[in-house]
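Engineer: For reference, the structure I am asking about is given below.
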């Protein structure tokens, strides 16, 4: 039997906000307006929740940023720790060995870069002076035909500007010193967190998952593991791309004869961890130094080398490596980097794409109904980022001829 139809309330012009017998007036509101209102307040709640989350992240950035960087480093170093544990090393000892080796490599690289920069700086200053003199001659003898007095007046104005703004420059220097202190504190906190992530990350994750209701605990567990697997794949692929970029551009700079090849190649390597923007900034610095030291022709050659390496990265390396690790649209990557840069500066730009990759893999896993037991997900394999790598029963049936 069909349900009896609900009697629609009669509209009373004398009481426009009340219906007959003070019944609910929902029936008088058009269905489309009711749906729009319901979606609107839910949308407002979601936006407000996101705003609160972003505010808390910004307020606790001193903790959140080191925590996020430690998670990235854990994804990078976890395969090495796993290899040592397979050789019957205790996990704590394996984590310590990998961490000390990583710090030794980083310290040696930074020492070498600083030494190269210090030794090449006098020559760079000399070439910069020669380039400025050439520009000065061009301003006088070139199409502008400026007088010596005009150029000297401009120089005096620049010196006067620096003298008049000495107080603000000093304040900026003190602010920078404070920032350096925060960086040192964040570095120490990152190392502290990283030790626990490498030695007992699985236990930490299991402890967190215990707070999830039992009926959805396994799905959340699998989603988190797939998200971390996506992060491992992303960091591994990005490191490979960064090495190729640094070697390619470094060899090109050495052939052209640009000074400070090692520091510039290191800058390219670090910049590659910020997709799109990092490579552009590092390439621009290399072209600028080539312009100062080798003139316009040398700068154009370096520009061609940078563009060639970036094309190789975009059309060959990223589709092969990053395409498998992180299935994200380029527009989503650009928007994520921009939002991260606005919200948290360089750290936000560095962490935005990995965060998006983790969320993408985790949400896809949550929406999948045929994921296996959490113990079957190996987070160190690229395939683990995909939901149900074995395929659901329906998918397997469709795959059969």
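Backbone N, Cα and C atoms are what each Cβ position is placed from, and that goes for glycine too.
Annotation source TrEMBL lists transmembrane segment at 39-57, 63-81, 93-115, 183-209, 234-262, 268-289, 296-312, 332-359. Residues annotated as region 'Disordered' in TrEMBL: 377-401.
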Engineer: I'd like to know if the transmembrane segment (39-57) touches the transmembrane segment (296-312) in this structure, counting it as a touch only when three or more C-beta pairs sit under 8 Å and are separated by 6 or more positions.
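Structural biologist: They are not in contact.
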Engineer: Under 8 angstroms, Cβ to Cβ: which one of 39-57, 63-81, 234-262, 268-289 has the largest number of such pairs with the transmembrane segment (93-115)?
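Structural biologist: Checked against 39-57, 63-81, 234-262, 268-289; highest Cβ contact count belongs to 63-81.
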Engineer: Restricting to the same chain and to residues at least six past its boundaries, which positions have a Cβ under 8 Å from a Cβ of the transmembrane segment (183-209)?
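Structural biologist: Those are 62-63, 65-67, 69-71, 73-74, 77-78, 81, 91-92, 94-96, 98-99, 217, 220-221, 224-225, 228, in sequence order.
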Engineer: Give the nonlocal contacts of the transmembrane segment (63-81) in its own chain as ranges (CB under 8 Å, at least six residues past its ends).
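Structural biologist: Hits for the transmembrane segment (63-81): 57, 91, 94-95, 98-99, 102, 186-187, 189-191, 193-194, 197-198, 201, 228, 231-232, 234-236, 239, 344, 347, 350-351, 354-355, 379-380.
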Engineer: Please give the sequence-distant neighbours of the transmembrane segment (234-262): residues at least 6 beyond its ends with Cβ less than 8 Å from one of its Cβ atoms.
Structural biologist: 72, 75-76, 79, 112-113, 116-117, 120, 123-124, 127, 268-270, 272-273, 275, 279, 282-283, 286, 289-290, 293-294, 298, 301-302, 305-306, 308-310, 312-313, 317-318, 321-322, 324-326, 353-354, 357
